[in-house]
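In Swiss-Prot this protein carries:
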- 1-9: topological domain 'Cytoplasmic' (TOPO_DOM)
- 10-30: transmembrane segment (TRANSMEM)
- 31-135: topological domain 'Extracellular' (TOPO_DOM)
- N39: N-linked glycosylation site (CARBOHYD)
- N92: N-linked glycosylation site (CARBOHYD)
- N113: N-linked glycosylation site (CARBOHYD)
- 136-156: transmembrane segment (TRANSMEM)
- 157-164: topological domain 'Cytoplasmic' (TOPO_DOM)
- 165-187: transmembrane segment (TRANSMEM)
- 188-195: topological domain 'Extracellular' (TOPO_DOM)
- 196-216: transmembrane segment (TRANSMEM)
- 217-224: topological domain 'Cytoplasmic' (TOPO_DOM)
- 225-245: transmembrane segment (TRANSMEM)
- 249-269: transmembrane segment (TRANSMEM)
- 270-337: topological domain 'Cytoplasmic' (TOPO_DOM)
- 338-358: transmembrane segment (TRANSMEM)
- 359-368: topological domain 'Extracellular' (TOPO_DOM)
- 369-389: transmembrane segment (TRANSMEM)
- 390-395: topological domain 'Cytoplasmic' (TOPO_DOM)
- 396-416: transmembrane segment (TRANSMEM)
- 417-420: topological domain 'Extracellular' (TOPO_DOM)
- 421-444: transmembrane segment (TRANSMEM)
- 445-455: topological domain 'Cytoplasmic' (TOPO_DOM)
- 456-475: transmembrane segment (TRANSMEM)
- 476-484: topological domain 'Extracellular' (TOPO_DOM)
- 485-505: transmembrane segment (TRANSMEM)
- 506-550: topological domain 'Cytoplasmic' (TOPO_DOM)
- 514-550: region 'Disordered' (REGION)
Amino acid sequence: MAFNDLLQQVGGVGRFQQIQVTLVVLPLLLMASHNTLQNFTAAIPTHHCRPPADANLSKNGGLEVWLPRDRKGQPESCLRFTSPQWGPPFPNGTEANGTGATEPCTDGWIYDNSTFPSTIVTEWDLVCSHRALRQLAQSLYMVGVLLGAMVFGYLADRLGRRKVLILNYLQTAVSGTCTAFAPNFSIYCAFRLLSGMSLAGISLNCMTLNVEWMPIHTRACVGTLIGYVYSLGQFLLAGVAYAVPHWRHLQLLVSAPFFAFFIYSWFFIESARWHSSSGRLDLTLRALQRVARINGKREEGAKLSMEVLRASLQKELTMGKGQASAMELLRCPTLRHLFLCLSMLWFATSFAYYGLVMDLQGFGVSIYLIQVIFGAVDLPAKLVGFLVINSLGRRPAQMAALLLAGICILLNGVIPQDQSIVRTSLAVPGKGCLAASFNCIFLYTGELYPTMIRQTGMGMGSTMARVGSIVSPLVSMTAELYPSMPLFIYGAVPVAASAVTVLLPETLGQPLPDTVQDLESRKGKQTRQQQEHQKYMVPLQASAQEKNGL
């Protein structure tokens with residue numbers, strides 16, 4: 001395609017691509033921290049009721065005389081006796097009786113601060129009857145991510161990738177910092193929602209800006225690099241959270257660096273492909289010549305002119321006369337088909353992913369250890385995914401990742417709750433497959449949608465992912481009906497979604513489409529190739545039958 005030839009002319013993968021890709025993906029280290037930050041800032045330590053203020057523990061015995069026991073013999077977290085309960089005359093005279101009347105924790109709670117000295121749970125007592133508020137905070141963050149995917153995906157197609165990224169960095173820095181100083185839970189949730197919005201824009205535009213500056217043969221490498229940076233961010237979160245256990249300090253530490261990202265983002269070069277798709281040929285020429293100078297291809301850049309670009313990018317200029325809206329995804333049959341299929345893939349991946357990663361305390365092992373393990377499994381999983389993406393194609397990679405993830409989660413549902421090692425061993429490969437699925441779907445979506453609506457399509461796909469992440473915590477409530485019910489649901493959805501991939505075209509080695517006509521011509525070309533393949537196979541089968549005497 002013409003634009004890919006222009007990229008090769010100005011240096012292909014040169015100094016500019018190396019610098020800009022590095023600077024654009026660097027914030028993703030901390031984006032991973034924000035997405036699962038509440039595993040640590042909202043961790044629930046062991047707790048029990050505080051005895052009445054007038055209770056004289058030294059006179060009335062130990063704390064246990066106020067605390068009923070659960071089935072496992074541990075103190076109840078949300079109930080206390082209305083009066084001290086004395087059992088039969090044991091030698092120490094302090095054996096608690098579990099048959100007395102109980103009441104809620106009207107005087108508050110006592111928390112075990114040995115592992116988590118300070119969380120939003122301990123600061124605002126988000127336990128027992130207020131336990132749902134903890135999950136509400138994460139759901140509101142995901143609502144913000146959903147809104148950000150819709151708003152900033154659309155704005156990026158209208159205003160450009162660079163401008164939206166600059167705005168997103170500033171919004172993340174300000175809202176994240178304000179979250180660290182939130183005086184109450186309501187304000188905390190409001191700023192978390194704003195952080196989610198801006199981080200969604202960063203995620204979308206990071207992928208698109210990088211892919212649009214890269215030649216065809218390097219796009220999969222860039223997508224995999226972005227996935228690895230996100231995985232490294234999970235390692236970073238485990239280490240930082242262990243070193244900084246106070247939630248306000250941790251929140252500030254993962255938010256303040258976005259001020260630096262905001263400052264250097266002014267030096268990014270806007271996508272020349274977006275300029276051409278918007279009909280701004282002068283800005284396209286200026287961007288390409290600037291990249292040529294950075295890549296040491298000054299002479300090749302000087303050969304470019306308005307006439308050369310006008311001849312090479314005639315299709316983009318024609319397309320740029322009108323901007324496509326989000327409604328075009330439903331109005332156009334070809335785009336509608338892509339939108340519905342990709343929406344299912346985005347939803348299933350995010351739904352199952354957050355069902356696993358936001359319940360680290362449910363595995364019965366150290367929360368810091370499981371965070372490291374979940375980050376570590378991404379490395380081999382994404383490497384295998386990269387090899388499959390580049391050798392077999394995007395479609396089989398996407399199908400295999402979702403199918404294997406679903407199977408692992410379904411198997412986990414039949415393992416007894418007390419077998420934490422076995423359950424963790426099944427959850428880890430499932431999480432790795434979902435991480436590989438995220439890696440693939442980002443790249444696959446960007447390659448399927450045409451330039452005129454690519455960012456809007458990415459935004460709508462991410463929107464469906466956020467719907468999955470919002471619904472996921474609600475599904476966990478079905479554990480009250482049957483403990484393994486959430487896992488069965490988390491596993492069934494990606495298995496069903498894996499079948500949808502057969503309805504999508506392969507993009508391996510294909511140029512990025514700029515218009516809907518490009519999509520239709522590519523579909524027609526692949527159909528003709530399949531027909532020719534079938535015609536070729538029929539004589540071969542007939543010949544084989546003749547040889548066998550059939």
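Every residue gets a Cβ built from N, Cα and C, even glycine.
Distance between Cα atoms for N113 (N-linked glycosylation site) and N39 (N-linked glycosylation site): 16 Å, as a whole number.
Following the DSSP three-state reduction, the secondary structure of N113 (N-linked glycosylation site) is coil.
Only sequence-distant pairs (6 or more apart) were considered; of these, fewer than three Cβ pairs between the transmembrane segment (338-358) and the transmembrane segment (225-245) are under 8 A, so the stretches are not in contact.
Neighbour counts of Cβ atoms within 10 Å were compared for the glycosylation sites N39, N113, and the top value is held by N39.
Contact check: the transmembrane segment (136-156) against the transmembrane segment (456-475) gives at least three Cβ pairs closer than 8 Å, residues 6 or more apart, which meets the contact criterion. Listed by sequence, the residues of this chain that lie at least six past the ends of the transmembrane segment (10-30) yet keep a Cβ under 8 A from its Cβ atoms are 165, 169, 202-203, 206, 209-210, 213-215, 218, 222, 225-226, 229-230, 232-233, 236, 254-255, 257-258, 261, 264-265, 267-269, 288-289, 291-292, 294-297, 300-301, 304. According to its DSSP assignment, N39 (N-linked glycosylation site) is helical. Non-local neighbours of the topological domain 'Cytoplasmic' (445-455) in the same chain are 153-154, 156-157, 161, 204-205, 207-208, 211-212, 219, 223, 273-274, 277, 316, 319-320, 323-324, 328-329, 335, 338, 342, 346, 394, 461, 504-505, 507, 510, 512-516, 518-519; each lies 6+ residues outside the stretch with a CB under 8 Å from one of its CB atoms.
Here the topological domain 'Extracellular' (476-484) has Cβ contacts under 8 Å with residues 355, 359, 413-414, 417 of the same chain, all six or more residues outside its ends. Shown for the topological domain 'Cytoplasmic' (390-395): DSSP residue counts in helix, strand and coil, namely 4 helix, 0 strand, 2 coil. Beyond the topological domain 'Extracellular' (359-368), the same-chain residues lying 6 or more positions past its ends with a Cβ under 8 Å from any Cβ of the stretch are 39-40, 43-44, 115, 238, 241-242, 374, 418, 420-421, 423-424, 427, 476.
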